[in-house]
Amino acid sequence: MEQEKRYDILVTLEGQLPEYLFLSYLEVKKMKILFVCTGNTCRSPMAEALLRDKLPGVEVQSAGIFAGTGQQASHSTIEVLGEKNINLDHQSQPVTVQLLNWADLVLTMTSQHKQSLAMQYPSFSEKLYTLKEYVLEGDGDTWDQLKKAYADLEEKRAKFMKEKGKTVDPHKLDTELHHHLKQEITHIQQLEASLPDFDISDPFGGNLNTYQETLQEIEKYIELLAKKIDNR
C-alpha cells in the first residue's frame with residue numbers, strides 16, 4: 001500500500017507540475033544511499049532491504065569493509081526480514097571507490113566503520129555518517145575536528161615517509177613513525193573517545209532473537225531516515 005501511494009503521488013505530480021519541477025522531484029527521490037557494515041551479510045543488508053521497502057524511489061546498495069564477493073546474507077537475516085514479508089535476494093560486496101563515487105550518502109553501522117572509511121578514503125569524508133548520527137543529527141563539530149585530525153596525520157605520515165622512508169632502518173621504521181606521530185595519534189584517540197555511541201551491534205553469531213532485536217533497532221532509524229529524505 002505504501003509503494004502504491006507513492007506511485008499515485010508521482011502520477012498526480014506529473015500531471016500538475018511543470019516538467020522541470022517534476023524532474024527535480026524525481027531527482028531528489030532517487031537519492032543514492034550506500035549502507036556499510038563489516039561483512040555485508042547482516043546489518044547493512046537489513047538496512048538496505050528496509051529502506052528499499054519504505055522508499056522505492058531511493059537507489060540503495062550495501063557493502064562491507066571486509067566483505068567477500070557474492071556471499072548470501074546470513075540465514076537469520078533472511079528469516080527475520082521474511083517475518084516482515086520482505087524477501088531478501090542479496091550477494092555481498094566490498095566497499096570500493098566506484099561504490100563511494102556512486103553514493104550521495106554513505107551510512108555506516110558503527111563509528112569504527114565510518115572512521116576506517118575516512119582513513120582509507122579521505123576524499124569521501126563529507127559523505128560519511130553513521131546511520132544513527134545522520135538521523136539524530138549528531139556531534140558534527142567533533143567529527144569535523146576528527147576529519148581534520150585524520151588529514152593532518154596522513155599528511156605528516158606521508159611527509160615522514162618521503163623524507164626518511166629510504167634512510168631509516170626498515171626494522172625501526174614503524175617504531176620511529178609511531179613516535180613521530182604520537183601527538184597526532186593521541187589527539188585522535190581523545191576525539192574518538194568523546195564521540196557519542198552511534199553504533200548498531202553486530203548480531204553475527206547470535207540467536208534468532210538477537211537478529212530480531214538488531215532488525216528492530218535498524219528499522220527504528222530507517223523510519224527516521226525515510227522521513228528525513230521525504231522532507232528534503
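Heads up, the Cβ atoms here are built off N, Cα and C, so glycines get one too.
Keep in mind that what you see is a predicted model, and the values were worked out from it rather than measured.
In TrEMBL this protein carries:
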{"type": "ACT_SITE", "residues": "Cys37", "note": "active site, nucleophile"}
{"type": "ACT_SITE", "residues": "Arg43", "note": "active site"}
{"type": "ACT_SITE", "residues": "Asp144", "note": "active site, proton donor"}
{"type": "DOMAIN", "residues": "31-228", "note": "domain 'Phosphotyrosine protein phosphatase I'"}
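Note: the CA-CA distance between Cys37 (active site, nucleophile) and Asp144 (active site, proton donor) rounds to 22 Å.
Other Cβ atoms within 10 Å of the Cβ of Asp144 (active site, proton donor), summed over all protein chains shown, number 11. Taking a C-beta cut-off of under 8 angstroms and a sequence separation of 6 or more, Arg43 (active site) has the following same-chain neighbours: Phe35, Cys37, Met109, Ile200, Asp202, Pro203, Thr214, Ile218. DSSP assigns the residue listed as 'active site, nucleophile' to a strand segment in the three-state reduction.
The number of other CB atoms found within 10 A of the CB of the residue listed as 'active site, nucleophile', across every protein chain shown, is 27.
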